[in-house]
Every structure is written in structure tokens, then in C-alpha cells.
Protein chains: 4
Amino acid sequence: MSFNTFGHLFRFTTWGESHGPALGATIDGCPPGVPLDAAMIQQWLDKRRPGQNRNTTQRNEPDAVEILSGVYEGQTTGTPIQLMIRNTDQRSKDYGDILNTFRPGHADITYHQKYGLRDPRGGGRSSARETAARVAAGGVARAAIGAAAPGVQVTGYMVQMGEKKIDRDRFDWDQIAQNDFWCPDAQAAAEWQDYLTWLRKDDHNSVGAIIEVVARGVPAGIGAPIYAKLDTDLAAAMMSINAVKGVEIGEGMAAAALTGRTNADEIFMGNDGQPVYSSNHAGGILGGISTGQDVVVRFAVKPTSSILSPRQSITMDGQPTEVVTKGRHDPCVGIRAVPVGEAMMACVILDHILLDRGQTGGVRGRIG
Amino acid sequence: MSFNTFGHLFRFTTWGESHGPALGATIDGCPPGVPLDAAMIQQWLDKRRPGQNRNTTQRNEPDAVEILSGVYEGQTTGTPIQLMIRNTDQRSKDYGDILNTFRPGHADITYHQKYGLRDPRGGGRSSARETAARVAAGGVARAAIGAAAPGVQVTGYMVQMGEKKIDRDRFDWDQIAQNDFWCPDAQAAAEWQDYLTWLRKDDHNSVGAIIEVVARGVPAGIGAPIYAKLDTDLAAAMMSINAVKGVEIGEGMAAAALTGRTNADEIFMGNDGQPVYSSNHAGGILGGISTGQDVVVRFAVKPTSSILSPRQSITMDGQPTEVVTKGRHDPCVGIRAVPVGEAMMACVILDHILLDRGQTGGVRGRIG
Amino acid sequence: MSFNTFGHLFRFTTWGESHGPALGATIDGCPPGVPLDAAMIQQWLDKRRPGQNRNTTQRNEPDAVEILSGVYEGQTTGTPIQLMIRNTDQRSKDYGDILNTFRPGHADITYHQKYGLRDPRGGGRSSARETAARVAAGGVARAAIGAAAPGVQVTGYMVQMGEKKIDRDRFDWDQIAQNDFWCPDAQAAAEWQDYLTWLRKDDHNSVGAIIEVVARGVPAGIGAPIYAKLDTDLAAAMMSINAVKGVEIGEGMAAAALTGRTNADEIFMGNDGQPVYSSNHAGGILGGISTGQDVVVRFAVKPTSSILSPRQSITMDGQPTEVVTKGRHDPCVGIRAVPVGEAMMACVILDHILLDRGQTGGVRGRIG
Amino acid sequence: MSFNTFGHLFRFTTWGESHGPALGATIDGCPPGVPLDAAMIQQWLDKRRPGQNRNTTQRNEPDAVEILSGVYEGQTTGTPIQLMIRNTDQRSKDYGDILNTFRPGHADITYHQKYGLRDPRGGGRSSARETAARVAAGGVARAAIGAAAPGVQVTGYMVQMGEKKIDRDRFDWDQIAQNDFWCPDAQAAAEWQDYLTWLRKDDHNSVGAIIEVVARGVPAGIGAPIYAKLDTDLAAAMMSINAVKGVEIGEGMAAAALTGRTNADEIFMGNDGQPVYSSNHAGGILGGISTGQDVVVRFAVKPTSSILSPRQSITMDGQPTEVVTKGRHDPCVGIRAVPVGEAMMACVILDHILLDRGQTGGVRGRIG
């Protein structure tokens, strides 16, 4: 895992700047013989794509993925898969003022301090646009999971926008695809819509969010102690997404407030001869290894830093200035983080399935 | 970063089981010429060591570290540093029942499912005892930071035990070493003491905690987008610690509830010609790169799973059983996680200082 | 270093098949601020390009490189550099018979055995065409070396074709670019020309070669024991090139026949206060670390396996067949391996310059 | 693969200096359930151990290996295996003059130049003693191969000492363990014995050697293009051994002198429905992937640099001096390189078996 590469055996390197000619992902280690075509990847990119509704940036890019290598007659060959997405709608003028000004909350100042120069167009490499490449890589991971462990299902959704949380009693898997927020609670979604419209139009403001991603059907026994734990890799995966400030597994930060008795996931034998648990405070992971329960990760996305309200900052010359961002920006960048979180989960799960069969050969200790 | 190794250029591999002959850390990539002896490492191990006070496990081990390689006449040579800690107090009988029983909340069941066998003595590799090796590695990292970036100071402390939080208005750096909890708030420490005594003696229970680790004096410009971000590596570092369920940078999960206006860390020029910020919601990191502000990470430790209260579980044969742990265990394992979190922070900071000078040669863009 | 990635800090991943839409290199870890444009890379690709003279394959591809990311206004930004080369001249018909037949000496059979399927067009991923991507990566490495260690010069040349060796007494650096063989001995080059013409036209045969690559001006002290030695990485670098069967450093295999007295490179102080050596049997490397002398590596390229003379083989159905390759092929593939070897040398040298300044900060022990 | 670590999934890190308290290997990624005890490793260390006969150094160390972790009740657990060898016979006085003098052909000068300091006792980290740790790691690899691919047999032997080569017509596998040179040709062994005695006693000199290591029974289909080719990893493995100056696969450097017709390994179907080859110029590897033939690697070891004959050198102060090494040294260090080469071959083969089942799941394309 180095600089722009993620993963152990299933590794992807993302490349490209927001307003360069293209961006993409170089995937190494995908198993051979996986059915794959561009449409299988495109469906996930379409889910992330900006410009789809009034709540996300109006930048309208088709984000059409091209497979440049690694696939022959509809199947992966085991060689590197190059996925390229051309940047078509670049309107650089919107970003002209970034050239000499450091936007608060953005990486402009730290890139400048580290590298001595930066590509200022649209945030360059630090733009959320990089996440399109991850979503494309996640599409390949999903295809490969489909071949290696067909029962696995990865689903992400928003559980909180600003201070407004979903009501878990109204949780409905079928609602997730029905609204603009990937929200499993229809009533919350409706309230969020009103709130966000006001926030964007009247308050000239933005807001944070919490995303939850669940992998169902993950076999027990994947994950690798100590520094390649399943939860360690998930934490790294999610924290690497732009604007993410916190990651939780299962009970998460709230585990601090629990006692040993309340936090215990008691174990029983299920009817199918497999262990079952009384609860899932652990989020499906014990000692870094999957239990067979749902793997549950949550992450917090900070509010979009680019807002119409003026904020104080400095120029490259060290002069004070005021920043007001007039470009096209998401009032809640968390919405588009949903498919990104899903993609990262899919990549981590696949990676650990491969690692596990490499190291253990799929050995599984019997119970009962 | 693979299985039992952590880090990019400063890499350590921890090894050893709780009740095997020894455990330790193999460190590769430490710079040469760093003054180092066992005492410099021992001081941090002593901080973590069990059996020091009534709130931690009564297992009493000296945890004496030996340097087996990589140091010559009091200086590191640039070759691998092997740190070994002998296990002396093993009392295996305490753990006899683990042999055939899966303890709820422990990795017994997942190790069994993954590997088909496991070292049951004291939890084997999944024991919190592994963290002693990290603390030792962290001692080396601190020594190397002392040579490479002398201004950096890494400090950890507890900010929450169960539902009881510190009062930030009473925060006092000098208090941290004055109580059994590494607590910066003397009044909270006193209350925690009472609570923990009751919990252990009367309630036969345990409780979770939140630890905060701060690195002060970190130069701006370290960290490496996109998948080796400073915050990504910190998230992985902390999540890899036993019993950790959540990791936050700066504002953390609470960032979700903020708006863009409130979350903005506005930028000004300081009197010394360096940028200063109106606040530090970002936790000292923008786009994965340090800003020069304090780097702030928090993590939640779940309550100790081993408690005197009976919990339902199953045996390896799949038979129902009840687990009551009578061994020596911390009622709040979070206390001992403080020096572990500090150690991981030190390792990550050093690693990124080395990575940065490797890639950029220490280039720094001027401001003003 | 995993599957399709090479390098520690300066890492490149090559991707693409011989007859797919494109191939390229994803470079991660290039220092920022390096002046770079496509022409600086193109010059090296032009050197490798097929179809330039009668001795290399007649396949005529412009091999025009595009920089898709990582460069802004003529300088590298420190982010991933994507280099893409479109495949334009694909004439797949020439390779139709490969579909069901395993060509002796090619990877057709092993790819089939490993992956269960393969891209047969032009050898797919196992084609020597992959080396174009390395040459492009090498162009970036040379540019970065130019910034970090301007005195370094990397030069490759052929020293043997078939049984015909150059005469070291006639060695002339200026001759290298003067003939079709990158041969430093004009007389040998003339003889090789006659031999190769006969071999191709009359004998329907091919022949092997030995390439030597020298890096001059490499500072003393780069390289990293034990498993990232400078010579270890050079051996891996060269052996990874298609058709290479042997790699030597300095005296190479011939060192076996020497005695300790004859092999000794005695050390003296030079007039500039730097150590000088009586000879360079070591090839500029001691204990995996550069001495400051010329770094010298040699590698043997086997004769092209695709020849007009019939060879026995089998089909995918296990039926016996005879293979005669009528496509466009180099009679001595070693010629085109010269710029590839240079590129790999440049990448390894740069990588170790970066690694060294990362680990040691450029510490250098004084002598005298 | 970084600094002191070798391998992809089966990774070992060697540590320790020649005259420090101990040295060893930290092994990560060994599959679980492999029967293992110290005796299984010790047998290979005994083969390498100095002081066994008059041809190797008289330094007499038991080289007794201790397993400190990763094994429970005679089986590997899948967690890191720490192997430690105490240094018992250190006689540092023999090496006193190394302190201020750079021995020609040794890494004294380059370690000094790189690190600014070094452990001079016995060559410190650059001593051939480090290879004991590899042999121990190789013992674990052999045990794991025994479980994963029981048909594989790894055997090393000397084929050349100085200018004296074995006669391939007299090659006898059973001879290898019968003489002090691991020589498959009894007559050559007898001649080498006389030569070496004269060289040591009368000529005060040393001599180089060539070692060949063969892996028989390796399944077709392991290895991973492009930069983790089986031959690439073997080249790195062997070149990383002290004093090695060249590595060859199959025909090796001699492939340069062959033509395509003579070099062709023609393919037929064998009686067991598996491909057979007319010859093995390729050394069992095509395109970086095993063919199922013997995997054949050769490497050249330079003559021991430490000899009784005086050589010119300089001191740390830059003063001219004469070096005569009076310590205990092997006149032909190649002898002890035989078990080291075997160990590295075993590690590479196991690593690729694991990698292959990780990436492909053991997919094998059918033939016939």
C-alpha cells in the first residue's frame, strides 16, 4: 500500500486530476475468468455521477469508462485492467481564483507546502473526482466477488445528514434506491430534501453526513491479523475517501459507553449447524477476522468546504483574502460518497477473500 | 503493509503469542545514527505494563526489552532492530477453559474458523499482549523522531470512560501523568476511580473508553495522497489495536452534524510568517497532508470482553456453554491502550517524515 | 513489488496487451517539480521502436506517448503519472494460428495453464511490446534523475551477438549511436550486420545477444541491504525483461573462475579526496551499496523463439502440430532490449536515490 | 520486498549482526497447520554450519535455532514464526583491524559511506552469517511445501570451482551428500579437494564457484508476470546472497550464443496426458510461469575477499594500508552458499504456490 495504490493481492492504483485529460484506475491482481464488460462497471459510475439531481453538483459529465486492457472476449485474463474515464466538461474558468488562493478546508495549502507546486484546476488530484476511479475499481471487485463468493452483497446508504438521523425502525432496504440520498428511511429522505434545498438556496451553506456500508453474506474466516485486519483495512479504505473524518466498525465510537455485559455478542448454534449471535456489536469482525455476520462500517463526511458564504483565508503571497466559492458544488458531498464507500468495501472484501485462499488455502475449522 | 507488518519506510513486524516464550518487534528502516538503548524503550513499556495499579490486570510481568540487533555502541546502524520481550509470568492454568470454548467478544472462534487451529493460551496471538511489541517499536520511533524532527511531541490520554467524559475546560497537560488513567482532568479521574472500583468489585463488569492522541510540532507537508494519507495511516494504525471499534480525526464523527460555515478552519498569517488557523476541526490534516497544526486522533476501545458475569457461548463441539472469565483482566482495557495509541502515532509520524524526504527531498512551497 | 508493479518508492505498473487498444505505465512516487513533457519520453521510445531498420520487426507503430496525469505546466506534481501508448498497427491476422497452438519458447502454454484463458493476439500481455511501457517509465526516471543527481549517465549497448563478441580494445562510446546494434565496436557492428542478414534471409533463424548497461556518476552509498540491494534490484529488473535468461554484475559468472587475489579491487585515495579503485570486478557495488564506480550490469537475451523454421509443438487439444512463424519478428530481439535495459537501470537508480534519502537523509560517512 | 524483507505472501525478514547477541528470521504468511519443530529446521542449518570440515571456516558455532512464536503443539498457527539463533563463538579480537580499515571486496567502505557508522565486528550485518537466518526460513518453507505441494524437491550442488567444472556425464544425484562440496561428480570433488588444500595452505588464496539449484516436481502454472515472474524472483533471491555476481535460468548467459532453432524446447504430449518437452533450455519457466519441467537456476559466487595475501586499501582516515586477513575464513565461500541457494529456491517456490492459489484459486487450463 503505497501512495496511490490500495490493496494487498487485489491492488488498484488511481491516477488523474480533476481537469486533466482523463483519470482512471490500474487494477492488478484481479482473478482470471471473471465475466466483465464496461457496462458492468458503468452502472456503478452512473450511481456516483454528478449532475443527476438538484442535490449534487451541476457539473455534467458522462463519466464513461473504457477498459483498455486485461479483458479478452468478455472475461478477465488475470493481467492488469486499465480503466480510463475521459474528462469532458472542464470549465476551468470556474476555478481561476484557486490559482493564488488557498481555500479553507481544502488541500490547496498542504499540497503547495508539500510539493512546492500543484495542479490548481478543480483541486487537481485532491478533487473528489478521484473517487470516480475507485467506483470503477469497485465495479471490477464486485464482478470478481460474483465469481469467487457469489453470496456476498455490498450495500451503502446514508444514515445521517447534519443533525438529522434516520429512524432505524423505519429502515427499509427497498427504499435505498428510491430517493436522491440512498436513504433507507423514506420519511427522513423527504425531510433531508427540504433541509438541503433551504441550505443550498437560502443559507448558502453545506452539511456533513454519515454513511453506512454493509456487506452481507461474507464467509467467516476472512481477514488477517494483526496489521491487515479486515477492520484495519476498512478503516484505511474509508478514511482515504475525501472529506471523511471518522470511521466506525459495528458499535463504533459508542462502544466506549457500553459495559462488557451489554456489549457481548453471545454465541449459539443455528439450525444450519453454523454459529449465530445474539447481536452484532462487533460489526461482523472479531480479532480482525469475519464472523459470518454482516460486516458493518460507518463513516462521517464533513460538510463541503466550498460554500457561497465568505470565509477568511490567505493567498500564496501570504496576503489576507476572502473566499467565496461560486462553482458547482454539492451542498452535501456525503451523498456521492455512498457509492464510493460501497466500492471500497467491495475491494477490501475481495482482497481478503484472495489473501485468505492464498495463505490458508481456504482451510476452515469445523465447529460441532 | 502485509499481515503482521506495519509501515512504509519505517516498518515493524510484531511477532509472538501471549504465553509463548517471547514476543517482540522486528523493525526495518530505522535511520542510522539515532542514539538508542534499552532504557529509552523500557520507559514506554513500563507505562503500558500490566500489574501497576488496581485498575489493570494483576498479571505481573517485568516486560523487559532486549535489543538483539541493529544498535552498535549506543547508536542505530540502519540495519534491522530486533526487540525481544520474554514472557515470564504465564500461569496457563487460568486459561484452560478457553481450549474448547469460544469466549464471546474474543477472536477464539474466528481464529479457529480461519486457521483450523489456534494457540489458546491467553488468547495466543490475538491477546492484547501483542501491543507490548508495538510500544517497544514506538520507543524506537520516538528516538528517531528526536533525531529527525526534534520539535515533535506525541501525547495520549483518556477523554471518556463509559459514559463519563472529561470536561475540556479542566484540561491540564500536567495532570496526565498524575493519575492511573492518563486523564488530563483531575476531577474526572477521581470519579472514574470510584466508578471502576465499583464496576470491578460489585458489578463484575467492564467498560469502554475513548483515547485521544495528539502530535504537536509536526511540520506542515508530511502525508501522501491518496492511499497513504496521514489520516488513512492513522486510522489503520489505531483500528489495528485490539478492541478498537472507531477512529476519528479532528472533529471526527461529529463533523457530520456541522455545516460548512461552522466547520471551516479559516486561515491567517501568523506573526512568524507561517499560516495560522482559526480552529482545528480538521485535526491538523488537509487532503491527507499535515497543516502544521496539532495532529489529533481519537479512538474508541470496547469494554473488556472477559468479565466475571456469565455469558452464553458454544464449545468447539457446538455445544452450548456459559463463559465466566476468572482470570486476571482489566476492567477497562482502554487504560492500557493509551501508550499503545501513542506508539502507533509515533510510528506513523516518523514513517511519513521519512517518506516525505524520500519523495520530495523535503521540498516546501513558500508562502508569503 | 507485486505482479505488474516494479520499484520501492519510485514505482511503476505496466499494463496493456500487444493488440489491445493501448498499453502504458502508471508511475507513482515521482518527485515533484521535475521538468517533463511528452517529447522527453518520446525520444527513448523512438530508440526502441520497431520498424526502424531491416534488423527489427517490420511492424510499424509510431508508439506515441501521451501524458494523461501528474504533469502541470511542464512539471511533475508528485501525483501519479499515467503514460499511454495507443496500439495502432495491429494486423491480428498474422497471429491467427496462435489461438489454438502453443508456440515453443513462448508463454502461450504457461498462460493457458495458469489462467485457463489468454489473450492470444500478438502474445497478449507476454509480448515484448510490454517493454515499450517500461521505456516510457524510464524516460520519466531519467528526467527525475536529471533533477536529483544530475551527474548520472545511463548507457546500454550490445557486447555479443550469437557467438560474436565485441573487442573491448575497440570500445568507443561514440560508436554506440552510430549503428543499428547500439554496438560500441564499429567493426563488430559491421560483421553482425552481415551475419544477421544471412540469418534472417537464408537461414530462417534467429540469435541471442548480450547487453551491457552502465550507470556512470552514481554517488557512493545508494542501495539497501539485504533484500533491496542495488544488485538484487538490478537482477530482478533485467530478469523481468522478456527473453532474458541471465544477469551479471561486474565480473559476473566469470567471477567463479577467479581467485581472491585476482578479483580484489584494491582501494586508494584519489586526488579529489575520494576513494579510487584499482579495478571494478565488483561492478560498482559492494554489499548491495554503490561504491561510486561505474555500476555495470549485463544480461543475456535468448534468440527470438518465433522463426520461419518449423518446430514441433501441440495444440490446445493436445494434438501434435508444426509451428512456423510467418509474422513480423526480430531476428535478434536483443537489439531492442538495449533501451529497455537502460530504462530499467534508470528506474532502479532513481528508486535507490529516493530510498536512500528517505532512510538516511543522505547521511554520508566521511573518509579522510 | 523492502530492505530486509523478502517475499510476497510468504515473507521473511532477516535480522542480526555477525557478532551481536543473536540473529534470526521473522516469517510472516506461513500457512497454518504445517507440522514443524526445531529439528526440521536444524537439519538444514547443520548443512550450512561452518566448522564442519577443513574447507570451511573454523569458526565453530552450534547455530541452534529456537522457535519463539507461531508454532503450537507441533503445528504452525498461521501467525508470525520467529526463529532465533544465538551467536556463541564471537572471538571479536580476530576482527579488531576492521575497525578502522576498509577491507577490499567487503562492504566496510560502502556501509560507512551510506550510514556514517557500522558495526565492524565480523562484518556486522554484511557478514555471510546473515545467510544462516535464510537457511532457517528455508526450512520452514520446505515444511510448508511438504504440506501444500508434496512432490516438490529442491536440491543444490556445486558445478564449478574456480576454472574446474563438473563433467555432466558423471552427474550422480547420490554423490551430492557424499563429499564436502555438495558435488554431484565424485571425481571432480576429489580434484577440488586437492586444489582447495593447496590454495588455502600454500597459495594463501581463495576461489569462486558456481552453484546450481534445481526444483523438481514444481506444478505448471506458478509464477506471476511481469514483475513477479518466477525467474525474476529467483534472480533477486540469488543475487541477494553475499558474494553472488551472476544468476542464470536454464541456458543462462549461454543462451546468447544459441540460435532460435537450437534453443527451441519443442513440445509433445506425454503418456500421462501432460505436455513434455524435447529439452529444457528455458529452465522450466516460460513468460515467468513454470512449465512443469525442472526449475533450474545457477549463480556465481566470487572468491572470498578475506585472504592471507596482502591487498592495498585505505583506512577511515584515508591513509594507505595493507590488508591481510588472518581470521577464520572459507577459501571457497561458494561451498556454504549451496544450502543458502536451496533455501532461497524453497522460499520462492512456496511463495508462488501461495500467490497462485490466491490470485487464480488454482485454476488450470486443460490441454487435450
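Note that Cβ sites are derived from N, Cα and C of the backbone, with glycine treated the same way.
Automatic prediction, not curation, is the source of TrEMBL annotations.
According to TrEMBL, the protein carries these features:
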- B:Arg48, B:Arg54: NADP(+) binding site (BINDING)
- B:Arg125, B:Ser126, B:Ser127, B:Asn242, B:Ala243, B:Gly287, B:Lys302, B:Pro303, B:Thr304, B:Ser305, B:Ser306, B:Arg328: FMN binding site (BINDING)
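Known features from TrEMBL, placed on the structure.
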residue  : record               : contacts (Cβ under 8 Å, 6+ apart)
B:Arg48  : NADP(+) binding site : B:Asp63, B:Thr131, B:Ala132, B:Val135, B:Arg336, B:Pro339, B:Val340
B:Arg125 : FMN binding site     : B:Gly16, B:Glu17, B:Ser18, B:Tyr111, B:Arg118, B:Asp119
B:Ser127 : FMN binding site     : B:Glu17, B:Ser18, B:Asn242
B:Ala243 : FMN binding site     : B:Ala128, B:Val301, B:Lys302, B:Thr304, B:Ser305, B:Val333, B:Gly334, B:Ala337
I'd like to know which binding-site residues lie near chain D: of B:Arg48, B:Arg125, B:Ala243, B:Ser306, which have a CB under 8 A from one of its CB atoms?
B:Arg125
Reduced to three states, what secondary structure does DSSP give B:Thr304 (FMN binding site)?
coil
Other CB atoms within 10 A, centred on B:Lys302 (FMN binding site):
29
Using a 10 Å radius around its CB, how many other CB atoms surround B:Ser306 (FMN binding site)?
25
Give the number of CB atoms, excluding that of B:Thr304 (FMN binding site) itself, located within 10 Å of its CB.
24
